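Enquirer: Next up is a structure, given as structure tokens.
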Amino acid sequence: MAVVSWKEILLLTGLVVGCYWNSLSCGFVFDDVSAILDNKDLRPSTPLRNLFLNDFWGTPMAEERSHKSYRPLTVFTFRLNYLFSELSAASYHLFNVVLHGVVCVLFLRVCRLFLDKTSSLVAALLFAVHPIHTEAVTGVVGRAELLSSIFLLAAFLAYTKSTGADHSIVWAPIALTVVLVAAATLCKEQGITVVGICCVHEVFVAQGFTLPMLLDTLRQVLQGKDGFPYAVLQTLLKLIVLIISTLLLVIIRVQVIQSQLPVFTRFDNPAAVSPTPTRQLTFNYLLPVNAWLLLNPSELCCDWTMGTIPLVESLLDLRNLATLLFYSFLALLAYHSLRYRHSSAKTVIMALSLIVLPFIPASNLFFPVGFVVAERVLYVPSMGFCVLVAHGFKIVSHLKKISWLMIGVLLTTHAVKTFNRNWDWESEYTLFTSALKVNKNNAKLWNNVGHALENQNNYAKALRYFLQATRVQPDDIGAHMNVGRTYKNLNKSKEAEDAYLVAKSLMPQVIPGKKYATRVAPNHLNVYINLANLIRANESRLEEADQLYRQAISMRPDFKQAYISRGELLLKMNKLTEARDAYLRALELDRTNADLWYNLAIVNIEMKDPSEALKNFNHALELNPRHKLALFNSALLMQESGELGPARSCIEEVNS
């Protein structure tokens, strides 16, 4: 195996820096907000063990709203970033750029296994600049792809050393491979697919088998003419070890998510809830869509959910031709690579394994995922694509001037596109407005531009985007909620109530005595909270507001915010016992909320129970020693009880 020279490392590193240096000026956008800004697992005050108990977004794995994405090693690197620079976005982006450079160097090492020196460098250069990678590199949450890819490539390189000079099995590299596969999986789930890539390499490259040879060997064994050849037995032993290790990882992974799939809605992935054959036709059509993004990354979009890609509902839909063409081309490549033993066939089979196997978990073909298309999941499959392009370059390399001109133009245009695409990730407003230029049929994008404007307190302009979202997707509950909230911010209560009522009408009907289990995003339940909070400003409609809170609780008995809001309302209605019960129920769900203990203490005061109130104020202060309202009110209680010293200390703390 040819080594990678320092000149090649510097060339790749320089190219990565040249394409991505402007990403350092980008902020936290889109999913970065949930994974970084809102994720308490990054804070030093949070125990490290929480990284292994919570999902990628900091939500406990046991909760229904959990995304079930288990990536503790990736979150650990975010935590390291926070330790050194807290929430300085530049350091997070710099770390991603460095990781992408490392992936490029490792990829070059892998390419040297089945491409010549020049072609492998072409593949690595193309991978370094391909615009499809901007989401994985410039989007901070894309670090999961980068880290997983590093361990994936390292695992594959380790496995290639598992055969000794005398064709014996070397177990140390296999053991290292298993460890690296586990690490890749702890960075992102698709890391486990490297086992399949190792199996393909072992059978068709290391052992040099072809599909006809394998079938012939199997036929002879079944006919009793001969036993398994020694080489085949060795290969089977190695593969069995890999497969058993993989199954153990899968079992552990299933246990971690507690055998539950995440909750996705029809807005996340419309085809997933569509009937046959719409579901199958659409999911298969998404394969050529992804292939086209690799071939022609001219129009990139950060979000492909909702109505971005209309469903393929009929066999007569012309888009089915693209599906047929894609499968035909894939079959031809597979036929070429599995039938022959020459080096070209081995290169193609490894390229196909890099394209197909890592993409399977995101393909929707075997189980639904929470997106239609996501550019970040093409990070590893693009490696196989780059190998195919480089192999094609090798084939036409006798046309020296033309072949180098074509590669030069390809690398230049891709590098420029990548550099310009990075600017789209500068802020949420620039990201989502750029996405709307590509696709205007995704209500989520209109909503997200509205949110960006809302964060700038530009409510009038935000309202226009939210209203457009309701026109694009009339049954989008979240869009109507956004309209209602914006009208409220514009002090248009009547219009706000009308919008909330439309959103409420789109919610599934409550069935008395049955737990709410419909697959609707949990945050949609906030429509009851928002509507109740709006109408309770009218003293004559307090009972109506209470009914809405109770309706939300009947749909989700673990809906903490409904208990909190209802407790506030019941206190206002002077229903003290019910208010206390509401807060106690909320505390059963979350005992770490200082505001909840404070609210319960206020109810205790109204119920003439100062000792219980003081105890609950103390609970609040244990959780948040700077809780000024708890300090002030506990000081008043201590003054009334004659404890002047402690009361004075509390007042001094408030004033400080």
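Just so it is clear, glycine is given a Cβ too, placed from its N, Cα and C backbone atoms.
Pulled from TrEMBL, these are the listed features:
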TRANSMEM  9-30  transmembrane segment
TRANSMEM  90-111  transmembrane segment
TRANSMEM  140-159  transmembrane segment
TRANSMEM  168-186  transmembrane segment
TRANSMEM  192-215  transmembrane segment
TRANSMEM  236-256  transmembrane segment
DOMAIN    259-330  domain 'DUF1736'
TRANSMEM  318-336  transmembrane segment
TRANSMEM  348-371  transmembrane segment
TRANSMEM  377-396  transmembrane segment
REPEAT    443-476  repeat 'TPR'
REPEAT    560-593  repeat 'TPR'
REPEAT    594-627  repeat 'TPR'
Enquirer: So what's the average pLDDT for the repeat 'TPR' (594-627)?
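Expert: That stretch averages a pLDDT of 89.
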Enquirer: Hey, which of 9-30, 192-215, 236-256, 348-371, 377-396 has the most Cβ-Cβ pairs under 8 Å against the transmembrane segment (168-186)?
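Expert: Against the transmembrane segment (168-186), the leading stretch is 236-256.
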Enquirer: Looking only at the recorded stretches 9-30, 192-215, 236-256, which one has the largest tally of CB-CB distances under 8 Å to the transmembrane segment (140-159)?
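Expert: Stretch with the highest Cβ contact count: 192-215.
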Enquirer: Treating G and I as helix alongside H, and B as strand alongside E, what does DSSP give for the domain 'DUF1736' (259-330) in helix, strand and coil?
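Expert: The domain 'DUF1736' (259-330) comes out at 34 helix, 0 strand, 38 coil.
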Enquirer: Determine which residues of the chain contact the transmembrane segment (236-256) at the Cβ level, with the cut-off under 8 Å and only residues 6 or more beyond its ends counted.
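Expert: Answer is 61, 70, 162, 169, 174, 177-178, 181-182, 185, 189, 192, 195, 198-199, 202-203, 228.
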Enquirer: For the transmembrane segment (348-371), could you work out the same-chain residues 6 or more beyond its ends whose Cβ comes under 8 Å from its Cβ atoms?
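Expert: Residues packing against the transmembrane segment (348-371) from afar: 67, 113-114, 152, 189-190, 193-194, 196-197, 200-201, 204-205, 261-262, 264, 268-269, 271-272, 283-284, 286-287, 290, 304-305, 330, 333-334, 336-338, 377-378, 380-381, 383-385, 387-388, 391.
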